[in-house]
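Q: Submitted below is the structure of interest, expressed as structure tokens.
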Amino acid sequence: MTSPLLFSTIEVTRQAFYRTALSYAIVNLKPIVPGHVLVIPTRPVPRLTDLTTPELTSLITSVQSVGRVIERAYGGDALTVACQDGKAAGQSIPHVHFHLMPRKYQGDYFSQRRDDIYPALEQSEISLPRDFHNLKTVNSVVHHHALKVDADEDRLPRTLEEMEKEATWLRGFFTEARERHDSDAM
């Protein structure tokens, strides 16, 4: 059995879809665009400079691997990759993390004003601690709503079940890749 994953002090194991010894990826509680995920080092540290070289290497390699998959899975043409490194930069959870957001030339909520994703990300970070804190309360009530993934702050945090379903689906992309790699090695 693998150990639980913590995003700072928040247990996020059920949201995880990718994992290495030193890093992991989770689906987002309140995605800004479809496929908005986080890539996080396993050890909870607040700043990039706190990571060891092997941790940083694993983290960036994971950003690359996860980015490749979510871009394909969500039909993206590109990725926005963002890291708010420290509280003054807008980081709300004191644990290094990269936001990966698949982007499209057309049909993306931000396709007309591409840089508007950054203020939306900043706003999302502001509410993140509260949203995680309220997650247990939200999930204790039978609660179904349509997935709303855009910069609208009226959207509700997703349930653990909704996030687990997406994580299971994304995990399949990595299982397929591993199986292809294993068969090619034979």
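Numbers run from 1 along the shown chain.
Cβ from N, Cα, C; glycine included.
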Q: For which of the residue intervals 45-49, 95-99, 125-129 does TrEMBL record motif 'Histidine triad motif'?
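A: When 45-49, 95-99, 125-129 are checked in TrEMBL, motif 'Histidine triad motif' belongs to 95-99.
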Q: Do any residues at least six apart in sequence from H97 (active site, tele-AMP-histidine intermediate), in the same chain, have a Cβ closer than 8 Å to its Cβ, and if so which, in order?
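A: Same-chain residues close to H97 (active site, tele-AMP-histidine intermediate) (Cβ under 8 Å, separated by 6 or more) are F7, L38, V39, I40, C83.
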Q: List the helix, strand and coil residue totals of the domain 'HIT' (3-111) as derived from DSSP.
A: 30 helix, 29 strand, 50 coil
Q: For Q84 (substrate binding site), what is the tally of other C-beta atoms lying within 10 angstroms of its C-beta?
A: 18
